[in-house]
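A short worksheet on the structure shown next.
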Amino acid sequence: MASQSEPGYLAAAQSDPGSNSERSTDSPVAGSEDDLVAAAPLLHSPEWSEERFRVDRKKLEAMLQAAAEGKGRSGEDFFQKIMEETNTQIAWPSKLKIGAKSKKDPHIKVSGKKEDVKEAKEMIMSVLDTKSNRVTLKMDVSHTEHSHVIGKGGNNIKKVMEDTGCHIHFPDSNRNNQAEKSNQVSIAGQPAGVESARARIRELLPLVLMFELPIAGILQPVPDPNTPSIQHISQTYSVSVSFKQRSRMYGATVTVRGSQNNTNAVKEGTAMLLEHLAGSLASAIPVSTQLDIAAQHHLFMMGRNGSNVKHIMQRTGAQIHFPDPSNPQKKSTVYLQGTIESVCLARQYLMGCLPLVLMFDMKEDIEVDPQVIAQLMEQLDVFISIKPKPKQPSKSVIVKSVERNALNMYEARKCLLGLESSGVSIATSLSPASCPAGLACPSLDILASAGLGLTGLGLLGPTTLSLNTSATPNSLLNALNTSVSPLQSSSSGTPSPTLWAPPIANTASATGFSTIPHLMLPSTAQATLTNILLSGVPTYGHTAPSPPPGLTPVDVHINSMQTEGKNISASINGHVQPANMKYGPLSTSSLGEKVLSSNHGDPSMQTAGPEQASPKSNSVEGCNDAFVEVGMPRSPSHSGNAGDLKQMLGASKVSCAKRQTVELLQGTKNSHLHGTDRLLSDPELSATESPLADKKAPGSERAAERAAAAQQKSERARLASQPTYVHMQAFDYEQKKLLATKAMLKKPVVTEVRTPTNTWSGLGFSKSMPAETIKELRRANHVSYKPTMTTAYEGSSLSLSRSSSREHLASGSESDNWRDRNGIGPMGHSEFSAPIGSPKRKQNKSREHYLSSSNYMDCISSLTGSNGCNLNSCFKGSDLPELFSKLGLGKYTDVFQQQEIDLQTFLTLTDQDLKELGITTFGARRKMLLAISELSKNRRKLFEPPNASCTSFLEGGASGRLPRQYHSDIASVSGRW
């Protein structure tokens, strides 16, 4: 084998001066002249043969050592006896150096008649042979990490070889060839030792995490890695931290370097460093890492049509980028980006897809039926090749697979050789490197369970056969290793064109979900029931596309949820749907209130299923809509406003008994606040008109939906005429908008656990989801959209048409105005329309603008009068965040807060100051300078009444009040959902 016949540079470097003659002493010593003369007549005989083979070095050394100590027969006696019994000549290395550093097995040469040679070889091998139990494993380790694995002076790899009893060979060619580097590392030894050495090598690999530190440079120099705080993090978590200034721009790249066998500490240290350097921005800064994978393996690892990588990205949440094959410089570097947990997990899964080759010898007289080989390949997800060795009476067996399937490779060897055991136990191969945290067994493999074994990698045949036949029920993860068909490699000819081969058995163990969920949920705070609902879990047994942001599968039902330390165990049972699964709305039942209450220490409020959590909510009629968009708040800190919201809702119930179903957190399909559920969805898309609704419910269910929709429509028409309900509904909406603004402006507390909920779902308060984007999404869903800016005549006709049909208002219109869609006219009296140009009409327009704004601060100016000095009158005693919120510059608030710049200091800034702060966008600087100019000019008028005449720049083009046009998929591209 190559690894045994070619000396590695490590082994060569370790050889001592006394072993320079080792090669000669390993070679057989020729017989005496008398022996050669006696054998001369037989040299030309047709029956004469000569065979050269290797014997186990350790056993031969032990034989010579025992003879030297007088405890056994010497090598001379052993070979002489065989020569006499078989009438052969045997040449063996009698001068073998005992205890030499060389691990190479010496050769024995036997000469004589063919039958005699065969008999002599059997006698020798019965004592000195271990080749039948010796294997060679070839694995991929990036050449850039070889020195890290070897260690200083070879100390790391020496210890691995001593502990495992294996010889590990690194490629010699890397020292001289600068263009092409080999990543292949060979391990030779006993199966258990080889597998243990493979896992140990993976643990020795470096783990490097990087992130970009924003806003450094002039005002904030690059942090010093020698500061006490950073040194404390470095020493506590055994990592090294370095900073590199980015050229031509602000910011710095932070690199955290640790070891794979210390993964948890590296992740914790990186999180601590992020928190220390970035503060509240830590959660928004992505972390990246990279893997060096040989370019020839990229297509294999990506899978057919990239299915393998897509599944890993969908499962972990990390972004994976393979380089352009035409790029000569970085053609082997794969980039990963995401959260700390997702990046590390995706890295593990990618390394589990690296190719692995197991080689061993088989006796020549062993014959294996090709059908048996094919069955083994299908069952064990491996490729098997058996070839005769030239000039040797044995066969060479090659087994190929991927690293996450290493155990099955040894299982294939056991079956081929007819052994009782594979020689490798599960405990031997388990390590943090070989098995990601949370997987109790290598067979619990998300890639294989999703049909992404070697078939999914695009190189296997069309047939599949499951090794596991237990019919356990479907779970969130089909976690057992579904088997696939044989891998076609270059050694077996051209690969046969195959179709996608989905797994036959989607089986899962009882612990399939309970051992996995924390892989996708980084902490207990994000593993609440609401977050599971919002995550929209697709079926992994099929290649179902991930749902658009805010859409959740219809048939996902939550049964129970238990908290055990930091791990969340849950069982999600439901119908596993094919790729065309439907997604339905997320009902705003009291689940949200239960989750909210549990976060504030209320022991009576336990998170439970829908049936126990919402005794007041109506039955399954709450899921009739086809789609609903969910707007998530930008800063979901509810500790400061949850009590206020619940108190407000309680007061609403006391003041109006008929509003018992109007509560935001208990609103269902029949609630009076139907606009809460449907604010961002098509108001006309009822159960009787939606094509998806017809597909959802067969027969009687469809009739029940129609009846519920009709009842709801009549109820809303009746309630729309009641001024009490109208005022309460408007009051609720405005109060909730104010509370939402306070929640977004509230500074997060480091020690506070912040849990996303659906409290503000569907109300359009989110700063990260502009109103214009929502309108574009509604337009994409075939909802008619009327522009907000109309001419005087269009506005007049619109007002008249709205006031002429009360029924139209009650049933909900396609207007962009929230009041009109919910049957609320200006001041509750929509039947009286004001004449064109009258103050009443202007007031109505301002109210429409107020309730159509994307957040509370955007709409304040509309309530101060058209002639008022909006900017100054709205910000009496206000602070800088509110001003930026009004100007649409909210994303720069953190920059100014970090530099401790308040409103008074802001008024003194110049264009150059803004540039030094990192405000590089011209439009943003222009808005800020205009605001500074306007506020400075009118500082004396800040406390004048609102009707003081002054010109507000916000009413002009600089304010950005004109409707902005967004691409329909801007929200998905921005990644801020």
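Positions of Cβ are set from backbone N, Cα and C atoms, glycine also.
Taken from Swiss-Prot, the feature region 'Disordered' covers 1-43 (among others).
Feature annotation from Swiss-Prot assigns phosphoserine to SER27 (among others).
Annotation source Swiss-Prot lists phosphoserine at SER32 (among others), citing a large-scale study or a structure entry.
Marked as phosphoserine by Swiss-Prot on the basis of a large-scale study or a structure entry: SER45 (among others).
For 134-201, the entry in Swiss-Prot reads domain 'KH 1'. Shown for the domain 'KH 1' (134-201): DSSP residue counts in helix, strand and coil, namely 35 helix, 15 strand, 18 coil.
The annotation domain 'KH 2' is assigned in Swiss-Prot to 286-350.
In the three-state DSSP scheme, LYS400 (N6-acetyllysine) is classed as strand. Residues or ranges marked as N6-acetyllysine by Swiss-Prot: LYS400.
Residues or ranges marked as compositional bias 'Polar residues' in Swiss-Prot: 590-621.
What Swiss-Prot records for 590-622 (among others) is region 'Disordered'.
The phosphoserine annotation in Swiss-Prot covers SER614 (among others).
Annotation source Swiss-Prot lists region 'Disordered' at 667-702 (among others).
For SER681 (among others), the entry in Swiss-Prot reads phosphoserine, with the evidence type a large-scale study or a structure entry.
According to Swiss-Prot, the compositional bias 'Basic and acidic residues' annotation covers 692-702.
As annotated by Swiss-Prot, compositional bias 'Low complexity' applies to 794-803.
Taken from Swiss-Prot, the feature region 'Disordered' applies to 794-848 (among others).
Under the heading domain 'SAM', Swiss-Prot lists 875-938. Mean predicted confidence for the domain 'SAM' (875-938): the pLDDT average there is 84.
In terms of DSSP secondary structure, the domain 'SAM' (875-938) contains 43 helix, 0 strand, 21 coil.
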